Amino acid sequence: MSDDDLTDPQLASEAELAFEGALRPKSLGEFVGQTRVRGQLQLLLSAAAMQQRTPDHILLAGPPGLGKTTLAMIVAHEGGRPLRMSSGPAIQHAGDLAAILSSLVPGEVLFIDEIHRMARSAEEMLYLAMEDFRIDIMVGKGAGATSVPLDLAPFTLVGATTRAGLLPNPLRDRFGFTAHLEFYDEAELEQVLGRAAVMLGLDIDGPAIAEIAGRCRGTPRIANRLLRRVRDYALVHGGRADVEAVRAALDLYDVDALGLDRLDRAVMLTILTRFGGGPVGLNTLAVSVGEEAETIEAVVEPFLVRIGLITRTPRGRMATPMAWRHFGLVRESEDAGATLPIDDL
Ligand SMILES: Nc1ncnc2c1ncn2[C@@H]1O[C@H](COP(=O)(O)OP(=O)(O)OP(=O)(O)O)[C@@H](O)[C@H]1O
């Protein structure tokens, strides 16, 4: 994706990485929202500190951009522990994992992002490492191969996944605590934005913050990204970041009042105007929009379903009454696909 793809919750670029790093909350107290998860983590970390032991292994599950990496950093920071960062795709052999595990220092926090994408052989090595702080290393090949046990320093594994369902049960069961991160509500996003604006030294008013919060799809990463574009807009136009500036900046980047982008709108308008509101099957929809079915299913649809613009039925995707209203269209009749703008009625 490009840096301009403002509503993609995945991390975009090196520039964004640096920007995010500067805005990341450093403690649980600074971390906005996710009240339940924060309380649970606080308890887990405090109990470990009181008993002077490494905290249990933690699994953070949830969609991209909701704060999993940030929480892993906080777990290390709150306990004054060093942090090692890796990711599933970087661990393609058991040897990759053995190299990391054998060099951990006592109490270190090991963060593995996208842990569901780790190699199967490494996963199996991780079971023993998590349970007994030990791994077996195979030395030699064929009939002469022997396994040599290696003791590890006690560590806390923090795994992050956007696809908790893909993790094998033996791995999932070895985490002492699983946190399910939820999308943020608008009040929480306003707090995220307010905090980021202060850190950026941006002069922005409350209504402008609320306007951005409504468009960022419940995701702090998108909130911060939209704020960056609004800051640019205010800078170039030499004005304050007020509601007008937010609307102008986000209209320029094709992010509408609900946070829909160009592809979301193409999908919705296809369902509404070409298929009379549906039901329409995924593949037919994908061909009509000119996009991969997988992209529609994994990226576009979850958000449209979540905000109530479409429903999934056994016969395909259907637009809801809210969708007709949002696009200013009405369904002409049950069996006809044609639509008329509300203004024409
Ligand atoms: N609760 C929060 N309070 C304030 N800022 C947050 C919060 N959660 C996330 N952020 C901000 O959103 C950005 C993205 O968060 P983070 O990288 O932790 O998400 P993630 O869930 O790890 O995403 P991915 O799965 O793509 O790695 C960070 O820059 C962070 O500043």
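Every residue, even glycine, has its Cβ placed from backbone N, Cα and C.
Between the candidates R215, R217, R221, R225, TrEMBL assigns the ATP site shared with L23, R24, G65, K68, T69, T70, E131, D132, F133, R174, Y184 to R221. Taken residue by residue with DSSP, R312 (DNA binding site) is part of a strand. A separation of roughly 45 Å, to the nearest angstrom, links the Cα atoms of E131 (ATP binding site) and R317 (DNA binding site). Across the region 'Head domain (RuvB-H)' (257-345), the DSSP tally of helix, strand and coil residues reads 44 helix, 20 strand, 25 coil.
Among the binding-site residues G65, F133, Y184, R317, residues whose Cβ is positioned under 6 Å from ligand 1 are identified as G65. If you take the Cα of T69 (ATP binding site) and the Cα of R317 (DNA binding site), they are about 34 angstrom apart, rounded to a whole number.
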